Amino acid sequence: MPSKNLQQAVLTNEFTTNFITTCKDWLDVNGLAKGNLEKKRDDNEEEERLKTESKLPGHDIHGFDNEIKSLQHFLLDQKVRREFKSLVIVGEYGVGKTALCQKIFNDEAVKSVYAPRVWVSMENKESKEGLDGKICVLKKILKGLGVEELILETISTDAKQEFKDNEEVASNQEAGEIDRETEKEKELSALLYALHLNLRWKKYLIVFDDVRENDNWDEKLDAKLKEDEKWGKYLSDGFPKGSGGRVIYTTRDENLAKNLVAQKHEIHRLWPLSDHQSVWKIYDAVVKDKQKESPRNDKKCIDELMNKSRGLPLAARLLAERDPVFVDDEVGPVGSTHGQTDSSNRQPANQASS
């Protein structure tokens, strides 16, 4: 008859094997496996984007203490309190960019210093061709500042009318005097002017979450107007300088990040978590929140969770959505299958882009 130690070793091995299989299945289902993420980057495929909000994520954030302190310093540094500053947070899907920004956006010290604060989810189902993308984002900011839809419609109508009037009188003007601005350019200029007025003399904080190349939001906001250029042509015209305004972007695109800021130190790269315990805490918190019993947290399981999630907080949370895997000598929740997980119960989790 096998010894008790041998039986326990066999059970532990079965548990670890089941845990590994569970992890792999969930990563494949939710597109978080390393190969799937690399394919997304290679194919540049545009999966459906979800709208994000400024409210706290609803769960504790583990492993980002240094990143939180860095963002607090960026926003609360008194030495540059009147300068306009921008920062880009770059990282892969599921690494926690959105959750990190939600955390700092709702920080009490930040809230006491910045007003207004505007959260802009770059998710948008409208046209983004030409200037449409920029116009759509500007309207989102203005709505976040309390500007009514009627005023935005009036701006659009006035721009169309001005363009039409210019076309009618163009034939009576000399070539050098013709206003060659398009209808969209006039609307963009008017929206930038409205934004400038709403932000002037204010210490504002604006977060642009999940910026992508096809959004056409790809200009440096700290650029200064040149003497020979007309005001209202560039996005930077809408963001007043000298009152301590701050802008934070999140993106997965390293090349786009370089177009959004002037200096390399203004790009903050967010890497997957390297702390095994932080990843386990994320996983365990979801399991407990679902009122399930946590699987054993021995070193093998923690290491396997780290290996399969690759340190991505979203992957750890998704893995926890499954029924925990139990070995025969552990007591699982009522209705659970000891030592295995029924694949027929697999339910996709609600994912929040980050």
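Note that Cβ sites are derived from N, Cα and C of the backbone, with glycine treated the same way.
What Swiss-Prot says about this one:
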BINDING   GLY91, GLU92, TYR93, GLY94, VAL95, GLY96, LYS97, THR98  ATP binding site
COILED    33-53  coiled coil
COMPBIAS  337-354  compositional bias 'Polar residues'
DOMAIN    45-122  domain 'NB-ARC'
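The helix, strand and coil residue counts that DSSP assigns across the domain 'NB-ARC' (45-122) are 30 helix, 12 strand, 36 coil. Its own atom aside, the Cβ of GLU92 (ATP binding site) has 19 Cβ atoms within 10 angstroms in the protein chains shown. Look at the binding-site residues GLY91, GLY94, GLY96 and count other Cβ atoms within 10 Å of each Cβ; GLY91 has the fewest. Around the Cβ of TYR93 (ATP binding site), the number of neighbouring Cβ atoms within 10 Å comes to 20. Annotation for the binding-site residues VAL95, LYS97, THR98: lowest Cβ count within 10 Å of the residue's own Cβ, THR98.
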